[in-house]
Amino acid sequence: MDKGEIPEDANEHCPGPQDETAGKSESCAGCPNQQACASGTAPMGPDPDLDAIAERMATVKHKILVLSCKGGVGKSTFSAQLSFALAGMDHQVGLMDLDICGPSMPKMLGLEGQYSHKSNFGWDPVYLEGLDNLGVVSISFMFPDSDGDPAIWKGPRKTGLIKQFLKDVYWGDHVDYLVVDTPPGTSDEHITLVKCLTGIDGAIILTTPQEVAMADVRKGVKFCKKAGVNVLGVVENMSGLTQPVSDVKFMKLTTETGSSVDVTQDMISCVRENAPELLDGVFVWSQVFDSSGGGAERMCEEMGVPFLGKVPLDPQLCRAAERGKSCFEANKCSVSAPALKSIIEKVVASIKMKDDLSGGENKETP
């Protein structure tokens, strides 16, 4: 009988975690694993899925995680636009939506109602129309009939689906970048991911400027450090609402009733008459989230991780995400697109530098 892999910190004469006497024999007394062995929750030896995952991931050159312990900071929007940008650089890109309970990628990439096909090679990603170098996998594509229903899943079922994504999705013969969009927190999804996926280039961590967000985001940085995941950098998202003057609506409030009257035309006419130059190339900026504590840049200095830059809160970027479009098309996102482009170029340059230093070897190749 296989007694299982003996833990490094086990007592001498350990019977093994799968032995009938595990946690109960005299040799188990005082062992730090005694309770786990007795309850049947001790590690049961090497995970048989790891070899299959490594074999499948051997065709993936670079792997980037997008995470944050805080929800609502724009991880999915950033992941989608990062994938659009990499595909626009003529890279072969895969995007994995690991937010099992709240998948956003089908909406943000214009793929709602699509579903994955299964072939002899495995599950096929869903590719964007007219963009055959950007494939996406999401729980929504595997269970299309349950769209709109909540995924009330416990840890083991989540773990099983993540492993299925990693070992059963067929990305083709070559993928330059695999972008993994993760849910908030550092729970089942994140633990399973870093345990099963080797050769991760690093994580991009998203936050908003206020301390209530960064208090949780710091935990994400610490998680990466403990898990041995390189932090590629932190992005301060929604860093001030920024709009062209021509896009702003001016309202006059009535203090007695709280009602408002639209005076936009009057304001624009006044500006056009007295300072017409302000209508061309001038933007309105407003601090939405308090950054008096120094924001993400100061947090990065304190924690010793790279600061990648700030992305303003841009209504045009929000519209692009709602429509499943790239913010880099048609120059509509004139505020956010340049900031995102600069950040993504830093990430690509950082990965390329490490790739050059390592001789460009595929980290998954056996």
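Just so it is clear, glycine is given a Cβ too, placed from its N, Cα and C backbone atoms.
Since the structure is predicted, the reported quantities are computational estimates derived from the model, not experimental observations.
Using a 10 Å Cβ-Cβ cutoff, Cys37 ([4Fe-4S] cluster binding site) registers 26 neighbours. Residues or ranges marked as [4Fe-4S] cluster binding site by TrEMBL: Cys14, Cys28, Cys31, Cys37.
According to TrEMBL, the feature compositional bias 'Basic and acidic residues' maps to 1-12.
The region 'Disordered' feature in TrEMBL is assigned to 1-29.
Shown in sequence order, Ala10, Asn11, Pro15, Pro17, Ala22, Gly23, Ser25, Ser27, Asn33, Gln34 are the same-chain residues outside Cys14, Cys28, Cys31, Cys37 whose Cβ sits within 8 Å of the Cβ centre of the [4Fe-4S] cluster site. Here the Cβ of Cys14 ([4Fe-4S] cluster binding site) has 20 other Cβ atoms within 10 Å, regardless of which shown protein chain they belong to.
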